[in-house]
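Working notes, structure below.
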Amino acid sequence: MGTLRHVLLLLLLLEPGAQLAAGLSSALGSSRHINTCSAAEDRLCDFVCDCPEDCSDEEDCGYDSDPPFICDFEKDTCGWTHQNVHSYKWGRHSGYSSGDSASDHTLGTDRGWFMAVGAVHDNILTTAVLVSPRMRQAAPACELRFWYQVWDSGLVGVDAGSLFATLRSSSREAVVWRGAGSSVRGWREASIFTGRVPEPFQIVFTSRRSLSYPGDIAIDDIKFRNCALPQPMSACPDQFRCARGTCVETWQTCDGTDDCGDSSDEDAELCAQYRKCDFQNGTCDWTNWKWERTNQVSFSPPDLLSGPARDHTENNNAGYFLYIDNSNGATLLSPSIEPTNDTEPCFLVLYYHMFGPRAASLNIYHRTQDPAELIPAKSEQGERGDLWVREKVHFTVNTSFQIVIEGVLGGGRFGIVALDDLILSPGCRISNDSLSPDWELPTAAPSRCNQGQFECRNGRCVDQKLVCDFRLDCSDQSDEMDCGNATFDVSDGGWRDHSAGRLEWTVRQNTSSSQGGHLSLARAHGQLLSKAKALSPVLGPSGPACSMQFRYLLHSNSTFTGGISVSSVNQALGTEVLLWRTHRTRDEWTSVTVSVGARPRGFQIEIAALVDNFVPRDQKVAVDDIAFLNCTPDLEPPTAADVSCNFEAGLCGWYQDQTDELEWIRDVGPGFDHTTGSGHFVFVDASSPDLRGRSARLLSYPQRSSVETMCLSFWYHLMGPHTGTLSLKLRLGGGDEETVLWTRSGTQGNEWQRGLSPVPHQNHTFELVFEALRDGFDGDISLDDITLSSRPCSALQSCSFEASQCDFVSSERGGWRKQSGWTGGIASGPKTDHTLETDRGFYMIVDTSHDVMSSGQSASLYSGLTSALRGPECVQFWYHMSGDKPGSLSVFVEASGGQREEVFSESVTQGAAWRLGNANISASAEWKIIFQAVGAAGTSAHIAVDDITFQAGSCSRAGFCDFERGLCSWTNTRSRALDQLDWDWTSAGTTGKYPGPGLDHTLKTRTGHYVFLSSRSRAGPGQKAWLLSEHLPATQGSCLGLWYHLDSAIPIHMGELRVLLYSRFQSFQSWEVRGHTGNWAYVNFTLKSSEEFQVVLEASTGESGAIALDDITYNAGVTCDRLAPAPSSDYYSGTVAVVFVAVLLLSTVAGVLLFLYRRRRGSLSWGSLSWGSLSWRSLSWGSLSWRSLFKGSSETGSEEPGFDNIGYSRSDEDRITVPSIPAS
């Protein structure tokens, strides 16, 4: 005792200093280290680290201070602020904190953070503004890449004003990005190109909405690329040296862009021989036909979709440019130019803006004295984005000529073709020759077809939508001739370069690596460091078996950083889905086949490449021999009818839905698949950190009903502390409307479970859809052994009423009905269901109010007829009885002869909560189960049932569970307000990625079962999981016992296990343990409560290991001291006093050392100091425990008496008597 007294005295002496150190640490930790090197103000937030130690001069600049400059909003807002006074404003948001399951883009989970707007509840157009910190000195190629979400929740739709971005400074205000104006539920990538900005500026994201949900508009993962100006160099070999000592490429001089950062590359003396027209004061000596000279401020009223939002010269909304307005085309002619020579080349540098679906083409020609001679020099087709693109065109002509620039608009909702900063090189000398004024642009021969039609080569007219639809609609096949199939020997197959930077795709001929032509990556004349993109024509619709086959070459003689990818894009929606990519270099051509799948009309295939420091003579990136295979929409493989599938030889009659970013993966797992234990199955790994997208869908090929009702049987596996939802749906005739047939959410344990679903007879073809919904982010969803049979399903196993009524029918019209808190109907009904614990979950309910059901009147809910039972079974269900005198609920088993047996009855109202009911049933003949509600002339009264399950064997006693057949009456909660994770059910011998104890406690074998929570969770340490008992009646003393196993090898952030008492109005913590037991340990408690309560077994994750439970017992009305001594803990040994003092001394020394270490580091927090299993709140070692248990607390914050009857029993187990919960 003396030793212990000295130890406690030492701790008391240390405590004040520790508290002071903790306070200082907290203060230091909360401060931000900004500009520690005292860099000058004009060097702050300029995308250059001037503070070499910590780059703190770039802190809170709209990005994290560590390059690459990214803000993912996981820690804070990086300095972004909202400028609003009303509720519609930007805020830092996570799906978990808001309870809407929305995932961020960074982590792909509901724990990740992003910026989102609030809700608008009326029809008034409301604006939310998000403003960056003040940044400085953006380079011409500065790109702000980000991910955004614009999703209409079904209220008013979206337009361009839903989300757009502006660049704001003292001298300029310009829209720099406009959204697609379309609603897509998912993250989309976009880029803002700021252009050269010499003065301090801010980026402003603006959203204008009316009637919206919170989170409809969101932004994440803002990344600043190539924004810093070039830094001074000692020498500039083969480059231009700027006045500030920096280097730029020689081709960047006199091109109308300040690349140096001091405009020395655009110096008037240096560029005196260049002829530049920036349209600020007119069209110079260019002849204009139908181009409109204007600026953004001239558009009235201001329209986000009209014209470029800024010019290139001034990079603001007041600068002028040429723009095509209402006419379909316009032409610009240069003055007459003398013949050129190789000594002094003639070239034109220009900047063009092509944005929106109407932006058809920009064509550049030259013409000579011969009126008929108009020679193409360059053609750009299709939109490039909301930015100015640099282009350079060389002219080698042996006679006087003029340059002709033609802009063409096509069809579409909006579109822009604009020109700015035309610069002729010194080699383009103005000629005195006058060219013939009689000339015409080349025009296509007039079509004999109507607008919206395509003219086949043989003169036949077909609908334009039939072009490139993978069907031969023209007898001469001309409608499918330039539709992506290409060898590049004669034709490009309709592929067009859509690049906007320093790389582009071109068709090259005759190389040693490939005979004939191929699509090759080449240097371009743009100024942006963006990827090269080649787009196919608009395609579709395509069929499920559609694929694209091609060959590629990725070769390099030096260090290679880059890659090639294939994506499906929809420019109208602004979506892009990655189909394939590679970064692996090879010295030979490689063939690959990429699945395209079933897609609606309007998609295009994009081939993209991005290579850092591309050197054409040392590196080769090329694509050749592109072919689309099996893309006809109605093409079905021989296996199309094989809905029954064990996945051993493939997907059989199922195919992947390619319209999102998630896929089912066919895998093989020893000891895991259901068919053989070592065969194949399909799964979605929701815990993969690389996973993005909302759902993965596996679809059957179209089927026809052959009988009245079929049955689909399948085996599924849902496991993980935060797994998602698996649903079976039915889709008619390839349409969009789908009906949910079956669904399960959350972990179902580490065993294959059988699912059964009736498939109703359909008069039309239908498809079956297995959808894995990623509303959980830590677990897996698997499928195996699907069987479609031509007979009704066998006995009912369970029904949650989420998908259907499972053949349950009401005996009376207007009696039992299916509803949710969201859909309403019976207003007094539960606000949430039991399955999902949300207002969207369904249940069955009957209104027992006196104005609907008189006293003694009954309403019955009948199941379908079920075959005789082989042995006793347990029926378990959850019921909800509320209101004034709701009546009674009885459950009957009715044999086929009509004989009834009552197995359950309840008539006591105990508050608005879901309660567990169960009963043992047996039947030697066909039978059905009946839920009967009897009215009592109540007011606003109802009776509801949910989650009906049948299981072989007798029902467990209240509170008892050895977990050999499942969770018994214990349940995970789905409420995000209570916990974040779920307990999992498993056995040590079952394969799984979440490790637990090697043996269970009940059987002490690897086949025995237990529940556990693994710390190998994406959520990190400190995340809670609740396991709740059923509602237990008030008690003057009942004994709860359990076996627990803690495995926490890392002494910091250890897992914790707590026992709570939970009632309607308050909760009490009764016991806590943390650390490492190494084996199963036992504890029991005497519980007292003056009102109904639930026991909560709460586990918190640590850095490693797992927490497990087994063999829970509850002896109602019997205190623990009246029970026979419990078995000793499996691992307990040693003398209590010796071990206690030794451990305490060692732990104290460790604590002092840790305090001194953290004091020097400034990170000590005394309130949470722990080492090993030592904790000032809960000190334990093995089954030896010294706990200071907390006072109970109610939801109103009032304090309750603490626990003071803790001690050690002679039988080596912990016994704790919990004080009673006072009556409310």
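From the backbone N, Cα and C atoms, a Cβ is placed for every residue, glycine too.
As the structure is a computational prediction, the values presented were derived from the model and not from experiment.
Here TrEMBL flags Cys242-Cys260, Cys449-Cys461, Cys456-Cys474, Cys468-Cys483 as disulfide bond. Annotation source TrEMBL lists domain 'MAM' at 69-229, 275-430, 466-633, 643-795, 797-957, 959-1122. Feature annotation from TrEMBL assigns signal peptide to 1-23. Here TrEMBL flags 1131-1157 as transmembrane segment.
Here the features listed in TrEMBL are painted onto the structure.
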{"residue": "Cys242", "record": "disulfide bond", "Cβ within 10 Å": "24"}
{"residue": "Cys260", "record": "disulfide bond", "Cβ within 10 Å": "25"}
{"residue": "Cys449", "record": "disulfide bond", "Cβ within 10 Å": "16"}
{"residue": "Cys456", "record": "disulfide bond", "Cβ within 10 Å": "19"}
{"residue": "Cys461", "record": "disulfide bond", "Cβ within 10 Å": "15"}
{"residue": "Cys468", "record": "disulfide bond", "Cβ within 10 Å": "24"}
{"residue": "Cys474", "record": "disulfide bond", "Cβ within 10 Å": "20"}
{"residue": "Cys483", "record": "disulfide bond", "Cβ within 10 Å": "19"}
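Rounded to a whole number, the C-alpha distance linking Cys260 (disulfide bond) with Cys461 (disulfide bond) is 56 angstrom. Closest in space to Cys242 (disulfide bond), of the disulfide-bonded residues given as Cys449, Cys456, Cys461, Cys474, Cys483, is Cys483, taking the CA atom of each residue. The CA atom of Cys461 (disulfide bond) is located 8 Å away from the CA atom of Cys474 (disulfide bond). For Cys449 (disulfide bond), none of the disulfide-bonded residues have C-alpha atoms inside a 10 Å radius of its own C-alpha, out of Cys468, Cys474, Cys483. A gap of 12 Å separates the Cα atoms of Cys456 (disulfide bond) and Cys468 (disulfide bond). Confidence over the domain 'MAM' (643-795), given as mean pLDDT on the 0 to 100 scale, stands at 88. A separation of roughly 11 Å, to the nearest angstrom, links the Cα atoms of Cys468 (disulfide bond) and Cys474 (disulfide bond). A separation of roughly 14 Å, to the nearest angstrom, links the Cα atoms of Cys474 (disulfide bond) and Cys483 (disulfide bond).
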